[in-house]
């Protein structure tokens, strides 16, 4: 011990810290009058005795010994305020207020909060933080740091503080004041004592201590003043404080008057009921014997069944004890009620074996027999025996009630009068409180009293819930309860009103109990009754001891002079402990046992096996030595502790040694807590945006119906079927921390938000770049790639082209063959390399001229500017606009012939001539030569005079011409024999009488030959997306294409022009060249995509020669579904997901041989979760390669072409998932292209290094080989024969079939780690099999196949089918029973999916199959082929698309989603079963079905089956549902759009359409007056998509079918203005939508919205009108 410090009182060591703690308090005024402190919040001021105690407490550490209700807490508040006031602002000090119970903590917190302006909070076991939603026991250092920084005063239970100190979450040096309520508990191993011994006495800067108690002496009695003094001294010593009480109790008596002590004597019980007790004892022995016989019937002696039967026997004995106690103390009537209470709490067996169910029933039968035995001893009609005027004396004589109870009734009757009674009756047992409550309510003579009971909220079957406690206390405080039967829970601390009477039905056992229970009677003139048995000397002596002890306690407390008394130093033996230097955390031998149990509780477990340590004690000489065995999942199994004189001490010491070793091995953190299962990296970099994916082996739960939310849209990404069948995220694992934070609002700059979208498709393609544009006078060498086109219609021909690049393409890009799809035919395109070509400067110039003329003349424009703009109208090729850029330089030139390869220079030269002619033309400028000078003077009618020359009219057809006034390129269809420029204009004849007049007024052109025949020309049209067969049966057939410009419109009429020949320049190019030009955008888009894919391949693969993957596979991996291609990343993503999971799993398994399955699962979850993959993808710029927007040919631009429509800036990656999916798809593509080695290389490039080192595999095999398998050799050989595989390391197989429950047999291993490994390998192998076997199905169906194949239910079924279940090594009777029941179920059930879903399989069976797969993988040195050879036969037959059956609820949800219906579900628990009700509102009928099962999943599945059956009967089924044509906007997923004109819909009621005048308002009034609650919409948000969302949510809430939209488009040649202000838009097209909403049992409302510039906005317009119409009809309230 340290010597006392001097701080003004050198002889008093308890005052040493106050002087150093306070900031210059020597001149501080100490209040001595009551005016100094006031508490206006509660209108109270300190009394003189409170100020007396306060002044003493401010001078030294003090234990305030004052009566209950004397205001000790207010003294504590005064001290808290004074200490807080004295602290410097720069100091961070804490005031800790300790209270022993949860109720006291909350009570004292409220007092401190109401009477100070300090920041205060409370902490107990149920406290949950808002930071992470966890309870106090699970808080980490960050949460505690937040709490300590936030608060000035922390009110908590002592155990919370002790744990926080031991874990170094709170530094004891931060505490400046320690208030200890009910401090008499500070003894032995109580947390109060532990805090003082472990931290207070070892601290340098000790806090001030203020203790509070009504009874510092706690023992049952004292024999002398010396004993009393010893108890006081011990309490003072442990708290380093002096006990102080007031000398003059006069003022205290006025404030809290003492209750007058009265003894109430009752007669001894004269009826012993011996015969009755004998019968009850006989019945007890009979049922105990039956329990033992049932236990012996079990085939094997399992520890769990033995434990359960031991519990039942104890329960049986306890119930018997309660009955006998009630007979002796309360009488037969009360015993009868006690038995009824026991029956209500009788144990129930759910999902247990039949034998254990029988065993549980024995307890119930005993209670029923006991009830019958007692009832036979009661008179008939005993239920009404307490009616008015009953004779209590006769009931006592008959033994129906005890004399003690009779005396209590008389006391109650004495309480009657004018004033309301407020009485607490203290009893010893919970059963007594319950029985007396029931009996008192039956006594008619006590009917004027309102009765209740209050007991503790512990873990016993009779315990009261916290909620019930609070409700009962509130009723008693408010006067709603007069008589309160209570256990000692009310004695200490819980604030109850100043009751008038306290009755000790059972005498107090300790001085503390006596003092505190008496203190509950606080009213003036209150009475304290102690009930004693007359003539019972033992009770009399006990009460005398109590009185002497109390007097001695008070006398000794008064002797203590605060200025002279010195507290004896506390001497304690230093206990063994372990400290962490880095944090200061510590664990002592005393708390080490609980820490070991906490560590074991974090290990993987199931309901059949609870991980816990096993202890064996060895006697070495006269000392004990303990050997502890930890469960299989621990980092080590056995440890031997040091010698100790006692067995309990040796147990503590071995646990301490284990804690030290666990910390050194990393299983305990530096705060001495079990290592978090979440990897540390996730805490700093995880994202809160991704969708929930679950934790652990979530692929097995991907088929879980519970994950589907009933009333949410199933579709998240449109697929061919219109509903979400992809569900790929089901196999992506998320750490628990990520999962728990998903509901939090993401920060504005978080990953994946609109403010932080990563652009994709922005990586420049190196292959199309060129430097030759900057060298006009130099020749250039090109790599040539010839392009040939072959049409499926033989008569149709296309010109071949050549692609000239400065860079050489990879062979798989340079030599491809593909098909382009036209309306009624397709064109085969073949690209092949044909060496190098050299172009001189002249050829380059000509090539540029050809490309500029044709691509601008067909796909863009050759004239820029206009008379309406500031820029004059000019010929594009005469301007200085830059049409070529070095990042995009290549030639596309026509070929004269393929073989021999020859460029058509003649056609190119013709383009050059045409351009030169246009430049010299006088059409656009008077300074240039006039057209008539160029034209010939021929008057021949057979000749046609074009602008640059004349040709015979028979040669004009199919000529390619250029309009010199518009710059458009046409092809001649025919010569119009009856049309000249003098003919009437085919447009507005009022404005333009003739064509001649039109050209004069519109363009200022005077025609030279107005009399020659006009030409009918075929106009050029925009390019179409020819990559997808929209009219065929391809993989994307029927998919909704969002980009309308990508569609091939088959119903569009050909557009022709009529022009005079003199305005046309002949281009000597074949029409086949023009036709081929329309194919080039789609072809080049595909080629450029392949170039980009090849570029990415080069980055990933580098110069490795042993890895080859085609660029087409890479392209597929970077193409999203939104591109509307015939391929996408979806399938590769599914495969890559499994590869990532497998590789990471193998790496973790081999890298961390000591980590258990839980740690490994969470580590894996983090490594393969979306946010991690997203970050890896971003670091490798994957977002720049992703193709995430449909190809729009109108936005495609060739080199030399003026871009008119750039790609929009909204083609960003919408979510994290897009990039993470691409990462997975790349891994999957590399697996397909070049095997697992290539996939691992791709992962390594991405930043996921998985070292599947053979040496680690050998170490894992060697470790498993140490398992002793000789006793199980026959079992292993049988399993091997069933598998068709012989293990080299038998220990692997033994471990794979060993359940964790076998730890009871001393087995230090189980299958959990192998299950972790096997889960991933089966997932990969089955996914790979399905991927290759079903190459023609879409990704959603592939996902469903995997979900149906890779799940615990399927594996368990395979185990039973192959009879592997019989060889599972376990030691649990509950598991054995569940397995037998499942085997029986499988034998008697069909094998269809829905049938098997009605019975939950034992998880252990599926786990065993997975663990065997893991064992085979290790034994074969990671040979996936060998594992599949074994398991393909084991799991056969693997489900096929034809035989797959979706879970009933999933099928129902998808069906209703496609039809636009909503389902409402409600689940309720009834006994051991769950009842699920599903309600489906159709247009004219409400369907309601119920399903019953052991779980919500089973119950909902059963209900879904019934509802599907009913729907099928009325013609609604998933088999005949059509394609979903729902609009795909977010927030509007379920709103249908009908593209065809709907038939007339007749309302159910005679009701006018919404867009017609409504004269009959009765419908509105009728509905408004109905009892149906009208939904309320606060306001209508007019942002795009929001009106539809609001309408959708309303329909969902009301269960109305989804509204349908029918849109129509109107085109205009003049601009149309829409909207006003900032929303004002101009467009040439307008859309108008008609909406139809069906309200069941009401009718159909139809109306038409206002015209809008786009289709989606027209939907919103119609939705807004519908919402207002619903308000008008009384179906909705807005505002």
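Heads up, the Cβ atoms here are built off N, Cα and C, so glycines get one too.
Unlike curated records, TrEMBL annotations are generated automatically.
Record features, source TrEMBL:
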- 1-12: compositional bias 'Polar residues' (COMPBIAS)
- 22-35: compositional bias 'Polar residues' (COMPBIAS)
- 696-719: compositional bias 'Polar residues' (COMPBIAS)
- 725-745: compositional bias 'Basic and acidic residues' (COMPBIAS)
- 53-216: domain 'Helicase ATP-binding' (DOMAIN)
- 404-563: domain 'Helicase C-terminal' (DOMAIN)
- 592-682: domain 'Dicer dsRNA-binding fold' (DOMAIN)
- 942-1068: domain 'PAZ' (DOMAIN)
- 1093-1235: domain 'RNase III' (DOMAIN)
- 1276-1421: domain 'RNase III' (DOMAIN)
- 1490-1513: domain 'DRBM' (DOMAIN)
- 1-35: region 'Disordered' (REGION)
- 670-760: region 'Disordered' (REGION)
Residue counts (helix, strand, coil, in that order) that DSSP gives for the domain 'RNase III' (1276-1421):
105 helix, 2 strand, 39 coil
Using a Cβ distance cut-off of under 8 Å, indicate which of 53-216, 404-563, 592-682, 1276-1421 has the most pairs with the domain 'RNase III' (1093-1235).
1276-1421
Short question: most Cβ pairs under 8 Å with the domain 'Dicer dsRNA-binding fold' (592-682), which of 53-216, 404-563, 1276-1421?
1276-1421
Helix-strand-coil residue split for the domain 'RNase III' (1093-1235), DSSP-based:
89 helix, 3 strand, 51 coil
What is the number of residues in the domain 'Dicer dsRNA-binding fold' (592-682) that are helix, strand and coil, as DSSP sees it?
31 helix, 22 strand, 38 coil
Taking DSSP states H, G and I as helix and E and B as strand, how many residues of the domain 'DRBM' (1490-1513) are helix, strand and coil?
18 helix, 4 strand, 2 coil
Suppose you look only at the domain 'DRBM' (1490-1513); what would the mean pLDDT be?
85
